[in-house]
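Positions annotated as domain 'Heme-copper oxidase subunit III family profile' by TrEMBL: A:5-264. The transmembrane segment annotation in TrEMBL covers A:43-61, A:162-180, A:200-223, A:243-263.
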Amino acid sequence: MIESQRHSYHLVDPSPWPISGSLGALATTVGGVMYMHSFQGGATLLSLGLIFILYTMFVWWRDVLRESTLEGHHTKVVQLGPRYGSIPFIVSEVMFLFAFFRASSHSSLAPTVEIGGIWPPKGIGVLDPREIPFLNTPILLSSGAAVTWAHHAILAGKEKRAVYALVATVSLALVFTGFQGMEYYQAPFTISDSIYGSTFFLATGFHGFHVIIGTLFLIICGIRQYLGHLTKEHHVGFEAAAWYWHFVDVVRLFPFVSIYWWGGI
Amino acid sequence: MAEVSIELKTAPADFRFPTTNQTRHCFTRYIEFHRCVAAKGDDSSECQKFANYYRSLCPGEWVERWNEQRDNGTFPGPL
């Protein structure tokens, strides 16, 4: 903390990133609409917007990292902000994914007359739940156990062991994504094959997308652990990543039980 | 003058379909008719009641569409 400062709050400096992120979002939405309606320059504006957003994410998080790790602005009371903030964020993510599982259940529990009143619809060759799905679920749950191992290592001050545990966590995550990609590649149906394909790929696809986000989050934590950024007293970024990872983990059980298992037998 | 009495009848209440919306009732009776014909032959008298039920419950366009789908082999129901 700076000498003249008589409180423990972090008064942030003016930053260009909120407005640059907003402009990136504007360019992305307008460019996205233009692209999807085949307007000239739509693809260019969309790519520009996405690059702008990714750039803003990088520099904004870089600044936060400097303020917290290098300048020491994230006091105990400041750490409460991101800690409490990550909870409603994860809750909103659960609600987002719940909508897709609800859509899937809505379509499969009382299949409409249009698809013959049967589930899976005629002509859909479903995946065997005892093959990749039954292998991938424990792989993801194991990586949830490995992230807890990393947490205990950080709390015990075993820095090297924490890096190993995070490498194990990320490796299991990558194996999960690899198998999921293989499953998609080999699936005998596509997203355009009836309501079955639509709900299947929407639910499992958005879950898989969140697995990828969580994996990137954990990779960053692993790098920062390796660089000595995380201490046993101060590792909010890691805790947020671990919570996010447990959310992704628990959410996997819903598609496994209701889409692959119940919907596949 | 001789009295001509016409008996008007619809499908009886079926407890598998207790809701106001009878779409599924109509669809099931249509399937039951075709399964009956497939099992007992075209001129079986037992199947006639199912035909009466679905014709009374289903809109004509639906039956036309399903007949077309059966001809094309694209009918989605469990026949």
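Yeah, the Cβs are placed from backbone N, Cα and C, and that goes for glycine too.
Whatever TrEMBL says is automated annotation, not expert-curated.
When Cβ-Cβ distances under 8 Å to the transmembrane segment (A:200-223) are tallied for each of A:43-61, A:162-180, A:243-263, the top count falls to A:162-180.
A mean pLDDT of 96 is what the model gives for the domain 'Heme-copper oxidase subunit III family profile' (A:5-264).
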